[in-house]
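This report concerns only the one structure given below.
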């Protein structure tokens, strides 16, 4: 009997297996931190290696490049491997690369470590959504994913500011040392509390084209591109926008309002996603569109800007879980392959948001960015409303 045949996972749980799901939450937290924490530490990193902040910022680029390029081919190559083994190897790479980052005296070596941690991060994003779904019965799959993906808003709202503060207190190298230690502890947690699942047999493995042609997959990926690009275009240049309306000294407070609202939003998403997936997507996009329009029209008092930031955080926070759930529902047994495509599309959206936003900033001014955001979000709403029935269906009845 081979390893694949010997795996006997428990039947899908009729209750949320919180201990196991929180291990996946921690994995999504570290994956998000891998991508975002360096941004808050760039001044310290550039001082240590005696390079410009722009060059130090290539750590973020290397991570995104590794994630975007490796997600699809590695996910396809690892379809047949036991799922827990893949997850353990992925978190092991997190541990190793963050340890190298913490200890390396060589900038080039550290850049390679960030590229490799990006590769592992891409595999993690392809794996986590499907893993959470397999742990529970169908009526709970959306909530299980919401718990597993809670690490994303927590890392963005709390982890990044905390890492920047820790960088001041204990040094940036120790921040990455803490990430390495957390990854090592997570490996033990996964081994003890996360069930194993067999990979797909050779005859059951799905090609990229086969999954892409399934009804609903392409509309979901289109919405991913539009929504994520719109969000990050505005988010990347929000400091410049707030400065343009006289709130340049309140950027941290505005982002805090966004972050707190995001935590509330992901909680609400977890409660409703299994029954109201399509309605939640439409409502979230409509809310973001209204926020973008209000910011674009201008003339808002400070309190109204804070309200807009809060509404934005509330409307966007569920996006990762909503989109991953929609894609997994549409792809069915091809969920891991579909999630790898989502990782690639996400990274294209990140890159596109920075490029398009930068061009708008230089050519037409920061005030044009909310207008561009509004157009992208409106287009995404129309894709869901007109052509998204197959892609944004719930597995549970309201």
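Just so it is clear, glycine is given a Cβ too, placed from its N, Cα and C backbone atoms.
Not measured: the values here are computed from a predicted model.
Checking the ranges 85-107, 315-337 against TrEMBL, the transmembrane segment annotation falls on 85-107. According to TrEMBL, the feature transmembrane segment maps to residues 59-78, out of the candidate ranges 39-58, 59-78.
Within the set 7-24, 367-384, the record from TrEMBL flags 367-384 under the feature transmembrane segment. Check TrEMBL against the ranges 197-219, 220-242 and you find transmembrane segment recorded for 220-242. At the 8 Å Cβ threshold, with sequence separation of at least 6, the transmembrane segment (280-297) lacks contact with the transmembrane segment (144-166), having fewer than 3 such pairs.
A contact between the transmembrane segment (220-242) and the transmembrane segment (113-132) is absent, since fewer than 3 of their C-beta pairs, 6 or more residues apart, lie under 8 Å. If you look at the transmembrane segment (59-78), the same-chain residues 6 or more away from its ends with a CB under 8 A from one of its CBs are 34-36, 38-39, 45, 86, 110-112, 114-123, 125-127, 199, 205, 207-208, 336-337, 339-341, 343-344, 346-348, 350-351.
Long-range contacts of the transmembrane segment (144-166) within the same chain: residues 16, 18, 21-22, 24-33, 36-37, 39-41, 128-129, 131-133, 135-136, 174-175, 178, 252, 258-260, 262-263, 265-266, 269-270, 273, 317-318, 320-321, 324-325, 328, each at least 6 residues beyond the stretch ends and with a Cβ under 8 Å from a Cβ of the stretch.
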